[in-house]
There are 2 protein chains.
Amino acid sequence: MQPGFSVETLELFFLGFCSVRSTMEHAQEPEASLEQTQRYCVERPIYNQELLQGWLHKRERTPQTLRQKIARSCRCSSKKAKSHLYSFLPILKWLPRYPVKEYLLGDIISGISTGVMQLPQGLAYALLAAVPPVFGLYSSFYPVFLYTFFGTSKHISIGTFAVISMMVGGVAVRQVPDEIISVGYNSTNVTDSLEYYHPTEAKRVQVAVTLAFLSGIIQLCLGLLRFGFVAIYLTEPLVRGFTTAAAVHVFTSQLKYLLGIKTNRYSGPLSVVYSIGAVLSKITTTNIASLIVGLICIVLLLIGKEINVRFKKKLPVPIPMEIIVVIIGTGVSAGMNLNESYRVDVVGNIPQGLRAPAVPEIQLIPEIFVDAIAIAIVGFSMAVSMAKIFALKHGYTIDGNQELIALGICNSVGSFFQSFSITCSMSRSLVQESTGGKTQIAGALSSVMVLLVIVAIGYLFEPLPQTVLAAIVMVNLKGMFKQFGDVVHFWRTSKIELAIWVVAFVASLFLGLDYGLLTAVAFAMITVIYRTQSPQYRILGQIPDTDIYCDVEEYEEVKEYPGMKIFQANASLYFANSESYTSALKKKTGVDPCAILAARRKAQKRHAREIKAANELRKQAVLKLVNSLTNDVEASVKHEIANDELPVNGKFASVDTSVQDVSPDEHEHFVEPKTNIHSLILDFTPVNFVDSVGAKTLKSIIKEYKEVGICVCIASCSGPVMNELTRLNFFDNTVTRELLFHSIHDAVLACQVKDGSASQTD
Amino acid sequence: MQPGFSVETLELFFLGFCSVRSTMEHAQEPEASLEQTQRYCVERPIYNQELLQGWLHKRERTPQTLRQKIARSCRCSSKKAKSHLYSFLPILKWLPRYPVKEYLLGDIISGISTGVMQLPQGLAYALLAAVPPVFGLYSSFYPVFLYTFFGTSKHISIGTFAVISMMVGGVAVRQVPDEIISVGYNSTNVTDSLEYYHPTEAKRVQVAVTLAFLSGIIQLCLGLLRFGFVAIYLTEPLVRGFTTAAAVHVFTSQLKYLLGIKTNRYSGPLSVVYSIGAVLSKITTTNIASLIVGLICIVLLLIGKEINVRFKKKLPVPIPMEIIVVIIGTGVSAGMNLNESYRVDVVGNIPQGLRAPAVPEIQLIPEIFVDAIAIAIVGFSMAVSMAKIFALKHGYTIDGNQELIALGICNSVGSFFQSFSITCSMSRSLVQESTGGKTQIAGALSSVMVLLVIVAIGYLFEPLPQTVLAAIVMVNLKGMFKQFGDVVHFWRTSKIELAIWVVAFVASLFLGLDYGLLTAVAFAMITVIYRTQSPQYRILGQIPDTDIYCDVEEYEEVKEYPGMKIFQANASLYFANSESYTSALKKKTGVDPCAILAARRKAQKRHAREIKAANELRKQAVLKLVNSLTNDVEASVKHEIANDELPVNGKFASVDTSVQDVSPDEHEHFVEPKTNIHSLILDFTPVNFVDSVGAKTLKSIIKEYKEVGICVCIASCSGPVMNELTRLNFFDNTVTRELLFHSIHDAVLACQVKDGSASQTD
């Protein structure tokens with residue numbers, strides 16, 4: 001793979017400046033010519049930007065005029081229309097080419113496997129979303145079916161998802177707290193079709209449905225505006241911290257169902273604490289029957305999971321343990337009449353058939369807007385990250401914006417049919433893919449299965465104990481709880497990412513999922529600022545006989561040139577770090593022009609005082625002379641001279657100006673304590689942008705150091721940064737492009753040449 | 001200044017790879033030897049990081065143990081104690097060395113000039129702060145006097161300032177609206193000393209005083225925690241936009257005083273709109289006498305300002321026009337009895353003497369906490385930016401953290417004596433410096449002048465019309481209104497900074513100064529994210545015969561190497577841009593491994609189908625043969641062979657694996673459409689940090705391209721980034737340090753060598 005030069009070639013080192021000798025030796029050894037082609041040889045003039053730009057010719061670009069651009073984008077062709085239609089309705093593209101023989105069997109198996117998971121998960125996550133279970137079934141049908149037409153991912157399973165359901169439930173409970181069951185309820189608001197639910201439940205359904213509508217509309221808008229990139233802000237540690245916190249939320253909210261305790265459900269900041277507190281305070285009222293049924297289910301589910309993982313390759317399809325548990329649970333509950341005999345809470349009323357569409361409650365929108373944004377973005381980022389994994393694995397591409405549009409349509413259209421917010425579920429997607437699902441057909445089949453249950457046999461699940469659903473939810477959290485291991489991982493790899501994880505977790509846990517997410521995103525942004533704002537400052541030195549410059553503190557071989565300091569900060573120069581850049585420069589190089597100037601000023605003052613004292617003496621002497629030679633013309637002239645040299649008392653400023661007239665010899669004297677540094681090279685390699693504050697800082701650095709006789713050069717300034725500097729009026733008479741060098745080595749050579757010629761002229 | 005090589009040397013170009021020839025020619029020309037020293041010559045092996053790090057020796061650093069660090073920082077010496085004392089009480093350092101003869105006269109003149117400005121500004125800005133005028137005088141005395149002891153800047157004039165006063169007024173009005181004059185007022189809360197004020201005013205004084213206390217404590221804490229850097233987030237365009245909006249706020253709030261209209265004062269979002277609306281709706285009630293007096297004052301003040309600017313050099317001290325206007329205004333008002341004859345509002349009750357100290361209202365703190373933070377930070381950043389300008393001009397240094405402590409003490413201690421929040425005023429500071437002020441003595445003298453007025457002749461200003469104060473405030477806004485010109489300036493220099501200015505202005509104007517400032521700071525942060533998140537992506541090419549690589553689209557001379565693409569993004573690689581990095585890489589280089597793989601897969605499938613069809617044919621032929629040669633051993637063997645070659649129907653995955661066994665010749669065929677690119681070099685020069693998402697992206701890029709036979713190299717990866725990549729487990733068997741090259745040129749040479757050897761072996 002690598003070029004074939006060996007370590008021995010390293011020994012053939014040449015001085016960069018005496019290539020004459022070395023290459024002449026090479027010429028005498030013909031066998032070295034092959035090696036020669038594998039070496040790095042450069043000989044060229046020393047370039048500063050002035051020189052380089054004078055030599056190069058700007059390529060003439062004919063930028064498209066705005067009119068041309070508009071004309072181009074507005075041009076309509078049948079091909080363009082077709083491609084737009086295809087991208088909006090991907091089903092038109094893949095369905096006609098569907099290879100029935102090859103794909104159908106896999107899709108059917110996969111669809112059934114996924115469908116039997118949709119069913120129990122739909123019922124269980126409805127509990128999380130604080131709505132009656134049947135709405136979980138609706139949410140597992142309409143959106144899933146719609147996704148078949150609009151989605152671009154062939155393998156993800158759309159439907160109810162724990163985190164999103166939890167967020168929906170949080171909002172529903174916040175808007176309709178348990179306390180206002182009878183007081184704050186306005187019966188006229190509820191549509192007739194919800195009449196056989198408890199008023200609180202009916203109202204919560206409305207909140208959940210409106211939330212789905214709003215988040216769908218937000219996703220749709222983001223997709224149409226091509227804003228799919230918003231998901232990039234949800235970086236991996238953030239999402240993992242957030243979902244871990246969500247898992248804790250979900251777990252605590254399910255505790256009461258598992259234990260069969262009746263407590264209020266909490267939402268908002270510290271709701272986890274309140275939930276646990278409420279459960280603990282009522283722990284004595286635990287329903288033992290519920291707990292036993294729940295624990296048995298948990299054990300069964302865990303065993304099922306373990307078998308599915310361990311015998312993955314041997315099983316044709318994974319064991320659908322969830323539906324088995326639901327069926328057994330329903331059977332046992334009905335047979336033993338758990339509800340009445342043991343007061344075990346059951347799912348209860350599951351109405352048969354679908355509901356007529358209804359318009360969501362528009363007047364709720366202002367109160368749930370922020371939550372809808374959070375749900376829309378979390379939902380999208382979950383779906384798209386899963387879709388990307390499968391797309392990469394199976395070698396097709398997905399369109400992030402079309403995914404947003406698809407999810408938006410699923411949510412918003414689904415909301416008219418009383419479904420709540422959905423996204424892709426990780427566990428189901430993995431099953432759908434691993435059981436041989438090839439296209440969106442599998443998802444459609446799973447939704448049809450749910451439909452059959454809704455219209456035909458839904459009522460059979462009425463005796464299902466809630467504790468079974470709680471067990472299903474809890475066992476599904478296993479993967480998320482494993483994410484606690486991230487702390488160790490991030491501790492080793494990156495402290496900043498650990499901080500993002502911890503902030504996302506803690507904020508989401510205690511502030512609630514919505515504000516927690518916002519806080520975490522803000523924090524992730526701040527870490528980026530922090531990285532650019534507190535760079536590492538380093539003094540560079542040369543690796544002898546090369547053009548390579550490294551941190552002097554890192555390697556033994558690295559040497560500094562006498563009289564030169566090369567300074568590097570690994571960040572751009574802008575308002576938030578320009579001040580620390582200056583102070584680090586002064587500290588690292590050990591040359592502070594302010595201190596030198598102050599010392600010089602002091603020396604000047606002392607000198608001025610000495611002059612003054614000398615003058616006083618001289619004046620007195622002169623006056624004596626004048627007195628002794630009264631009325632002599634010569635004497636008055638001398639007096640005049642003496643007065644001229646006398647500084648005006650009380651106005652010290654004039655001393656400063658007068659000092660500028662002192663002889664060069666005396667001036668040199670003031671410059672002490674003089675440093676032996678003659679050049680300062682600022683490595684601008686890591687600088688990607690400069691703002692006006694940065695440009696001003698740079699200018700003042702150059703001027704300050706110039707005042708104390710140190711030349712500041714800038715090395716490796718990139719093209720865009722140079723354009724920025726030009727626009728910011730950085731270059732003028734004192735700061736020219738001649739101070740900008742193409743590389744550190746160019747700058748070093750130029751400074752050496754200059755210093756050499758300066759010392760020659762001395 | 002510059003190295004003396006001429007443009008002609010540029011013509012002496014050599015091929016980088018035949019330095020033997022060129023330098024031999026040089027050896028024949030002895031006169032070229034001088035020129036030689038001014039050229040850039042490098043010859044060395046091609047370095048990748050593996051090689052380089054193998055050769056270099058890490059310098060052994062003995063890091064200080066935590067214990068040593070603690071011991072060191074805890075070590076106490078008299079010198080250390082002295083330096084801490086000096087830094088906390090700078091007066092101890094400068095006062096004993098005060099050169100009385102040289103400095104005192106200047107300080108006295110400057111102190112008086114500043115003092116006569118403190119007086120009218122104190123009265124006027126009290127109006128802005130929504131408190132009775134005398135509290136403006138208190139604020140011009142206590143904090144100013146305290147600053148003498150704690151401040152490090154010798155030239156800034158501490159005291160009332162328009163923007164801060166406006167912010168204080170906003171909070172005071174929000175907490176005590178005009179409407180609740182009689183209703184919401186709880187008389188027991190007000191200290192006795194405030195009893196002769198209107199209840200609303202007394203309550204507002206308490207709010208203002210508590211705000212000063214809280215902002216002072218915040219400043220003190222920030223200073224003690226060495227958090228002086230917080231001011232860096234207030235970048236220049238932000239501050240200018242913010243102060244311009246503040247000027248508009250101040251102007252609208254003073255309109256009613258100028259016109260003599262009685263309206264409520266508004267605060268919070270849209271208060272500017274409400275204020276203007278209120279004034280316009282009552283414009284018919286304008287008090288003509290007030291307006292005339294106000295306009296005359298404005299004209300006088302503007303003339304005075306103009307004279308001061310124009311004859312700056314000729315005037316020994318600036319004309320104190322403000323105090324002149326106040327004196328004339330008071331005289332005219334008293335003489336003509338403006339208050340009673342023309343119903344002109346006057347300053348009214350100015351109690352003589354100082355007040356006993358009182359504890360601020362602690363219970364108000366939670367309601368005004370955010371405002372206090374905003375005031376603390378704005379106040380500090382105003383003071384420190386002004387102090388820095390003077391320090392630079394006069395060659396001394398200021399200590400940002402000590403300035404924070406000083407301001408904190410001024411505000412918090414002052415608040416016990418009923419002063420409101422203060423900072424440095426630009427106009428007064430300029431006067432203090434230009435009239436010859438040398439040290440903090442000048443400020444102390446100005447405060448003593450204010451004290452004299454308070455204890456002796458304050459009551460004389462009671463007939464002063466409020467319109468005169470409004471005129472003073474308005475004329476002082478002139479400089480801030482001039483900042484509207486920034487829009488043009490920033491339009492030319494930087495669109496991003498223009499955006500910051502506009503956002504700061506609009507947000508501060510309409511959301512109020514506190515939330516406006518927060519919004520603007522958040523926006524300024526986002527611009528930094530934006531800069532790192534949407535970099536410029538470029539393909540680089542070589543300037544022939546050099547090691548310099550530039551944007552191929554920029555210069556005519558730049559050439560690309562055949563078979564290689566050099567890609568650069570001028571930003572770090574992290575979560576927010578890694579996705580766009582990948583897509584830009586694919587787009588810019590024109591090589592999309594996914595598309596190639598998909599095409600290959602298709603070709604494989606087609607090929608597999610062809611094999612299958614051929615096999616079917618062959619099988620039929622064989623079977624025919626078998627049928628014709630029944631019970632022949634040879635035939636059954638042939639059948640076996642035919643079955644072996646037959647792909648298993650319905651399980652397509654096996655075809656994929658079987659294809660891997662096809663001959664290299666056939667495999668080559670699938671790789672089409674093959675690109676002629678063999679190497680991709682990612683220039684990492686601008687990359688300053690990498691996070692886990694970035695590292696994963698990079699790894700998947702390398703692997704994806706490897707699958708389609710393209711080698712990805714990374715050039716110019718800096719030391720810190722390499723350490724980060726190592727920590728993130730970036731390097732493994734496939735991704736080694738040998739893919740990292742020291743520079744682009746190293747990578748190019750290595751890729752050429754490899755391609756050359758690869759084509760030789762073909």
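Backbone N, Cα and C atoms are what each Cβ position is placed from, and that goes for glycine too.
Unlike curated entries, TrEMBL annotations are predicted automatically.
What you are looking at is a predicted structure, and each value in this text was computed from that prediction instead of being measured.
Look at TrEMBL and you will find B:554-751 tagged as domain 'STAS'.
Here TrEMBL flags B:123-150 (among others) as transmembrane segment.
Long-range Cβ contacts of the transmembrane segment (B:156-173) within its own chain (Cβ-Cβ under 8 Å, at least 6 residues beyond either end) map to 114, 117-118, 121-122, 125-126, 128-131, 136, 139-140, 143-144, 147, 204, 207-208, 211-212, 242-243, 246-247, 249-250, 253, 265-268, 271, 368, 371, 374-375, 378-379, 382-383, 386-387, 390, 407, 410, 420-426, 428-429, 431-432, 443, 446, 473, 476-477, 480, 512-514. According to TrEMBL, the feature transmembrane segment maps to B:156-173 (among others).
Positions annotated as transmembrane segment by TrEMBL: B:207-234 (among others). Same-chain neighbours of the transmembrane segment (B:207-234): 129-131, 135, 139, 168-169, 171-172, 175-176, 242, 360-362, 364-365, 368-369, 371-373, 375-381, 384-385, 400-416, 418-422, 521, 524-525, counting only residues six or more beyond its ends whose CB sits under 8 Å from a CB of the stretch.
A Cβ distance under 8 Å defines the sequence-distant neighbours of the transmembrane segment (B:272-303), meaning residues of its chain 6+ beyond its ends; these are 248-249, 252-253, 255-266, 321-322, 324-325, 328-329, 332-333, 338, 342-345, 465-468, 470-472, 474-475, 478, 509-510. According to TrEMBL, the transmembrane segment annotation covers B:272-303 (among others).
Counting residues 6+ beyond its ends, the transmembrane segment (B:315-336) has Cβ neighbours under 8 Å at 109, 113, 116-117, 119-121, 123, 293, 297, 300-301, 303-305, 307-308, 342, 344, 346, 431, 434-435, 460-461, 463-465, 468, 471-472 in the same chain. The transmembrane segment feature in TrEMBL is assigned to B:315-336 (among others).
Here TrEMBL flags B:368-392 (among others) as transmembrane segment. Long-range contacts of the transmembrane segment (B:368-392) within the same chain, counting only residues at least 6 positions beyond its ends with a Cβ under 8 Å from a Cβ of the stretch, are 152-156, 158, 161, 163-164, 167-168, 170-171, 175, 207, 210-211, 214-216, 218-219, 222, 228, 230-231, 234, 239, 242, 398, 400, 403-404, 407-408, 411, 421-424, 426, 429, 433, 513-514, 517-518.
TrEMBL lists B:404-421 (among others) with the feature transmembrane segment. Long-range contacts of the transmembrane segment (B:404-421) within its own chain (CB-CB distance under 8 A, at least 6 residues past either end) are made by residues 88, 126, 129, 131, 135-136, 138-139, 141-144, 146-147, 150-152, 158, 160, 164-165, 167-168, 205, 208-213, 215-224, 227-228, 354-355, 357-360, 375-376, 379-380, 383-384.
Per TrEMBL, transmembrane segment is recorded for B:441-461 (among others). Packing against the transmembrane segment (B:441-461) from elsewhere in the chain are residues 98, 103-104, 106-108, 110-112, 114-119, 122-123, 133-134, 137-138, 140-142, 144-145, 147-148, 151, 156-159, 326, 330, 347, 350-354, 432: each is 6 or more residues past its ends and has a CB under 8 Å from a CB in it.
Listed by sequence, the residues of this chain that lie at least six past the ends of the transmembrane segment (B:498-530) yet keep a Cβ under 8 A from its Cβ atoms are 163, 166-167, 170-171, 233-235, 237-242, 244-246, 248-249, 267-273, 370-371, 374, 377-378, 486-487, 490-491, 576. The transmembrane segment feature in TrEMBL is assigned to B:498-530 (among others).
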Take the transmembrane segment (B:123-150) and find every residue of the same chain, 6 or more past its ends, with a Cβ under 8 Å from one of its Cβ atoms.
88-91, 157-162, 165-166, 168-169, 172-173, 197, 201, 204-205, 208, 212, 250, 253-254, 257, 265, 326, 347-351, 354-355, 402, 405-407, 409-411, 413-414, 417-422, 440-441, 443-444, 446-448, 450-451, 453-454, 458, 461, 464, 466, 469-470, 472-473
Across the domain 'STAS' (B:554-751), what does the mean pLDDT come to, as a whole number?
75
